[in-house]
Amino acid sequence: MMGDSHSSFTTTTDEHLYNQFSPGRRKNDFPAASSSSSSPNLRRSPNRTVSSPRVQQKPITIFDQIVDWFQAEISVRKRLAGAACGYLSTIFFIVTVSILKLTIWAPFSSVQDSLAWWIYPNAWASIIFVGIASVAMSLFSIIKFCKVDQLPRLAATDTFALAGVALEFVTRLTFVYTAFCVADFSFSREFAFVAISLAIAISSALVVFRSDYQLNFSHIQVNSVKTLIDFGTSLPYANISEICGIDAAISYTAAVALILVVGPMVSGFSAWWLLLNIPFHVVLFGLCFTQQFYSKISMKIVNQIVMKPISFPFPPPYTVHSPTPEQTRTLPNVIETDDSLLKFFALHDLRTIAWNDEKRRVDVFSLSQPGKHPRNWKAVSLPCVRMLDELCSRMTVSAARLVGYSWDDHDIENEDVPRDALLMPRKMREMAYRGTGQSRQQKSMAPIRSHNTQTVGLLSKISNFLGFGVTEKLVISRFDAHMNAYAAEALYMLVVDSMGEDRFGVVQKDLKDLITLLCKLIAAIDTYERAKASVADKSDVTFLRIVDASLKSSLQRVVTTFGSHLSSLNLPEEHSRTIRMICLTDEL
């Protein structure tokens, strides 16, 4: 995880300042032996012996307590999301049965029956049964699949994914069969139900393997009736319906093909009469479409409940000798934890502070008492700087490997090349010391070890899709891209806000370093994208554009805010050139 390692690319002075100003880290700097040796759990007693004197219990830090509290909170939210999805599935069940009860042969009585059937107690057992089964299936999907660092698609070889397909199929088949029985529908007793079962099986596989289970924050947070209405109206129903229609058409086509090919062998040629049964086609396509639509809407509900933002306070300017568990859950402590989901919440909260919360920004720009140190600013800025600096270094190293300047190429160098010439550029060195012998010519013509996958065949693509192929490790994942985007937007928006709100100048002291890091990272991403242009797999380039957009918008805001004052920073010419190129300004 980026930002978790303390041996990152920041200077020793910054690390020392961070350890000095972070109260949570200061508590954890003592050796483990001193705390464990004084613990009563490790003292010898007449009734208890210690098996090994070298075994010491790891002390529980405030970071462990924060993570335990957060995991308990997320567990409660996931159960609540599962119950909400089960409630939504119950509503879908009631609507499905009501539609199945409609018939043109008895319009008035069927309409009355479809509207009031669920009120009678004899129908409650089926409704409760479907609701419980839906809650169980939703909880399994949320716990096993819904993660903040989840891939866009699950691999076909994933055991839990295959189990999820089986559970989704059983749950949905139970849903459909119960609806047919309650509505007294004829398709539950013929070969039609076999075709419907096949369509549901394929639709279940599409639900699991083509759904995006990544946990992410919603743009609209539901906390009132008005925000609930806004959230409902903001959903892209046209896009969702198009995707659901395509997946439903795949399942529908498979069921029709089954009737054409297998139907005569199982039920005789009478099975072909289903092809002329219009209600059968409507029900078949409608069941597949509602299954896909329910899966998309339920994921929106899960993100709305599980990913509800948490507001973390800042520590007071004075030292608290015996803080309560609530007082230890401060933003500087939370942003330093190892839990990826908790750090994601912390960076989102920091971004919210930088953009919308003027009252809490006062704490960021405040000084500690006594001492008057910018403790809060250092505590929230250094993790963001480490994260962005690590990404910059990875971009630089990966770009060098793509163009062939890596340590793997040293084994093809000629042994007769002088040692001093190794500092020369590669092409210049080859031109100066290329020999006429066949061995030297073969070595100079050796291919560069790059990861060019442009000639990947059809079988390789199929194996990669099914999860059997060996895929290249991405330089940055989608989760890391969102993390770095949040860090950049929070950090540099605080720089912009400091122009009018930083009374003590705690941010202006780091302004040159922050702008330098911003320009270096933009240049590193641009170099990597150019080196990646000839490679077929551009997944990480797509994710990098998320970070690149945040960095460029941040640079434009900083330059617009400070304007001509940036000339006093004496930035290097390459960084000034980057600023002029992106911001289209001549002030530097």
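Each residue's number is its place along the chain shown, starting with 1.
Heads up, the Cβ atoms here are built off N, Cα and C, so glycines get one too.
What you see is a predicted model, and the numbers here were worked out from it, not measured in a lab.
So that you can see what the record holds, here are the features copied from Swiss-Prot:
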COMPBIAS  31-48  compositional bias 'Low complexity'
REGION    1-55  region 'Disordered'
TOPO_DOM  1-79  topological domain 'Cytoplasmic'
TOPO_DOM  144-159  topological domain 'Cytoplasmic'
TOPO_DOM  212-255  topological domain 'Cytoplasmic'
TOPO_DOM  299-588  topological domain 'Cytoplasmic'
TRANSMEM  80-100  transmembrane segment
TRANSMEM  123-143  transmembrane segment
TRANSMEM  160-180  transmembrane segment
TRANSMEM  191-211  transmembrane segment
TRANSMEM  256-276  transmembrane segment
TRANSMEM  278-298  transmembrane segment
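For the topological domain 'Cytoplasmic' (299-588), the model gives a mean pLDDT of 79. Residues of the same chain lying 6 or more positions beyond the ends of the transmembrane segment (160-180) and with a Cβ under 8 Å from any Cβ of it are 89, 93, 96-97, 100, 126, 129-130, 133-134, 136-137, 140-141, 144-145, 154, 187-188, 193, 196-197, 200-201, 203-205, 207-209, 287, 291. Using a Cβ-Cβ cut-off under 8 Å and counting only residues 6 or more beyond its ends in the same chain, the topological domain 'Cytoplasmic' (144-159) has close neighbours at 78, 208-210, 212-216, 299, 302, 306, 340-341, 344, 465-468, 477-479. Helix, strand and coil counts from DSSP across the topological domain 'Cytoplasmic' (144-159) read 2 helix, 1 strand, 13 coil. Remote same-chain partners of the topological domain 'Cytoplasmic' (212-255), defined as residues 6 or more beyond its termini with a Cβ less than 8 Å from a stretch Cβ, comprise 141, 145-154, 195-196, 198-200, 202-203, 206, 281, 284-285, 288-289, 291-293, 296-297, 299-300, 302-304, 306-309, 341, 348, 478-479, 482.
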